[in-house]
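Swiss-Prot lists GLU42 with the feature active site, proton acceptor (ATPase activity). As annotated by Swiss-Prot, ATP binding site applies to TYR5, ASP73, GLY102, LYS103, TYR109, LEU115, HIS116, GLY117, VAL118, GLY119, VAL120, GLN335, THR336, LYS337. According to Swiss-Prot, the K(+) binding site annotation covers ILE94, VAL97, ALA100, GLY117, SER121. According to Swiss-Prot, the Na(+) binding site annotation covers LYS103, ASP105, on the basis of experimental evidence. Per Swiss-Prot, the feature Mg(2+) 1 binding site maps to GLU424, ASP498; the stated evidence is sequence analysis. Residues annotated as domain 'Toprim' in Swiss-Prot, with sequence analysis given as evidence: 418-533. Annotation source Swiss-Prot lists region 'ATPase domain' at 2-220. Taken from Swiss-Prot, the feature region 'Transducer domain' covers 221-392, and the record attributes it to a curator's inference. Swiss-Prot lists LYS337 with the feature site 'Transition state stabilizer', giving a curator's inference as the kind of evidence. As annotated by Swiss-Prot, site 'Interaction with DNA' applies to LYS449, ASN452.
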Amino acid sequence: MSNSYDSSSIKVLKGLDAVRKRPGMYIGDTDDGTGLHHMVFEVVDNAIDEALAGHCKEIIVTIHADNSVSVQDDGRGIPTGIHPEEGVSAAEVIMTVLHAGGKFDDNSYKVSGGLHGVGVSVVNALSQKLELVIQREGKIHRQIYEHGVPQAPLAVTGETEKTGTMVRFWPSLETFTNVTEFEYEILAKRLRELSFLNSGVSIRLRDKRDGKEDHFHYEGGIKAFVEYLNKNKTPIHPNIFYFSTEKDGIGVEVALQWNDGFQENIYCFTNNIPQRDGGTHLAGFRAAMTRTLNAYMDKEGYSKKAKVSATGDDAREGLIAVVSVKVPDPKFSSQTKDKLVSSEVKSAVEQQMNELLAEYLLENPTDAKIVVGKIIDAARAREAARRAREMTRRKGALDLAGLPGKLADCQERDPALSELYLVEGDSAGGSAKQGRNRKNQAILPLKGKILNVEKARFDKMLSSQEVATLITALGCGIGRDEYNPDKLRYHSIIIMTDADVDGSHIRTLLLTFFYRQMPEIVERGHVYIAQPPLYKVKKGKQEQYIKDDEAMDQYQISIALDGATLHTNASAPALAGEALEKLVSEYNATQKMINRMERRYPKAMLKELIYQPTLTEADLSDEQTVTRWVNALVSELNDKEQHGSQWKFDVHTNAEQNLFEPIVRVRTHGVDTDYPLDHEFITGGEYRRICTLGEKLRGLLEEDAFIERGERRQPVASFEQALDWLVKESRRGLSIQRYKGLGEMNPEQLWETTMDPESRRMLRVTVKDAIAADQLFTTLMGDAVEPRRAFIEENALKAANIDI
């Protein structure tokens, strides 16, 4: 047995070594975050396959504070018996052998979303640590892996009545570079899609870093998906067109509804995997739709009456659709599966769409009439826009080189090296024109607010002077017939507005324009937001620009520490220079972390934890130690309480892990709230940082401690007090000017702070979650008032430093 065990483990490592050498082949880019998030989806896909087979109801995905992710499901649990060929547990085979699992035995899973049949073993190979917990047949099994190597065989650690699998992994920082932190939005987008595509599965996403949580649970499948996508828009007909059929082994499911907007949004999926670039299913859908609608309009006499002929683009204006196909052996144009190329899918989708859409139009004449009316309006608007463009072109022939008069162009002709600044107002535009580098920086001042394109029809948009100027300057045209992102004249478009409410509004209007009319420009990373400094600080004759509030805090502390000494008692050597600076920066970093945690735990408790002895993981096994520790914490909190709250405690027995976990209970205005300081909290990175600071501060200051700066000294009882006094002292003789408008700076200052490539700061505009972005633009910029009011009520308290 031992011989075969050795040889099989060597074979396994060879397989996983290949993954470590070429991780991109298995999970995508390891540099830009796509591969990192793909790791989560590989594990989630296994749970979804359990759900599709009817064994799993709930999946919980948690981003932990130490940047690990766990995926827990209540399925059958991975088999734990010994595998006949490999001689180790089946779970270990699944975790360590490529192309192992139930996907290849056609009886286990019919259609599977598991992406490349490599799944969880790849996640294991690319994780510095992975924890596997299986609940199955009344027992809890646990195993730990490091870089894909099991540290011990699968072991039974307890008993349970539940079933399911939990995989928690810490991504290897040797593999993943640049982007190493999980982004909530990217995970939320995919999990939301999965919950729609797998009707009835409940998926929870929790972020332990800031307490954010979402529950995705939709019964109506893709019909509910279309409802969700149309949530803040105004659908023009009540009945969603929906069908789900299967023919020759290909399942086709389509849901669609028109709204009163002008954007077309079609989302395509194959076996639950999204195709960003569409493919044969999208081609079949579009062809059938145009043909069926045109045939209906001809037959019912609409086209003749309206004297227009509609195109496919007119038919898809304001359309929201989801096309989901289930194909046993799909073919894609590349490993990333962004485009489906299986030719048999086109005819399958086209055939079903032709038949069933024609049926729907005949059975719902009211809906059909409304939809046809919208299509005719779109065709007329297209004609009007074409005429408007021709007018513009004729005028343009008289204009020099066809560029707007306000544009101060640059000498550079290579778009990759050219920058266009969109500047708010003529006064700032004047300063920017004087301060710029003429070689590669062009300036276009925009007067007033540009049109809100979310609410405007295409022909109205073209007649807006500011929008027309902007389109001409960019040079890539607009509208379906003319728009060509490759003709963009500047590869850096920099939005430069004031730091007040009007500036924010203009920036939002411009972003709406780019996102709705020229999405590729945003996707290719050509749009930036300039970050002019917020403050100018003057001390004596020295002047300094400061970018934001965080930098301002740092600046004040660096001045405060200049010449400061902290005496921990009357006779001890003073703490000064680098040692004091290190302690202050660690204290500030921990305070910032505590402020972020405040939404999940009471701030008073977190601050008190700094001064309490450290509770270790080993301590959690001893009930007496835990009780003593939490009792001391609660006593201190009650002694220092100033707002009338009452603090109590409890100890929770965690039978599954044989642990005792403290619970802090606070009663405010007669209402009790529990804050469990469980195993995860005690072993997490946040508590570790609190304890590290605590070890340095506990007992640091004695009764006669004082802080000294220059000639002045102050007795202090706590480190916090000492820091507050220092910052107040540092403000003497300091004049702080807060900039609101770009016009407040002269051309030299504007160049130095905002336009000089050596010293400026810019934010690149990216879109992580297209559906969430679409909803946000609709909520904030659309016609409906209610969703906007709800958004403001929900987020008002999170806004800080609003300049009105």
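Glycine is no exception: its Cβ is also placed from the backbone N, Cα and C atoms.
Using a 10 Å Cβ-Cβ cutoff, ASP498 (Mg(2+) 1 binding site) registers 22 neighbours.
Here the Cα atom of ASN452 (site 'Interaction with DNA') is found 54 Å from that of ILE94 (K(+) binding site).
Remark: of the recorded positions GLU42, GLU424, the most isolated position is GLU42 (fewest other Cβ atoms within 10 Å of its Cβ). Taking Cα separation as the measure, LYS449 (site 'Interaction with DNA') is nearest to ASP498 of the recorded positions GLU42, ILE94, VAL120, SER121, ASP498.
For the pair LYS337 (site 'Transition state stabilizer') and SER121 (K(+) binding site), the C-alpha distance works out to 20 angstrom.
The separation of GLU42 (active site, proton acceptor (ATPase activity)) from VAL97 (K(+) binding site), Cα to Cα, is 15 Å.
For the pair formed by ASP498 (Mg(2+) 1 binding site) and SER121 (K(+) binding site), distance between Cα atoms is given as 51 Å, rounded to the nearest Å. Rounded to a whole number, the distance between the Cα atoms of VAL120 (ATP binding site) and ILE94 (K(+) binding site) is 7 Å. With the fewest other C-beta atoms within 10 Å around its C-beta, ASN452 stands out among the recorded positions SER121, ASN452.
Counting in whole angstrom, SER121 (K(+) binding site) lies 53 from GLU424 (Mg(2+) 1 binding site) by their C-alpha atoms.
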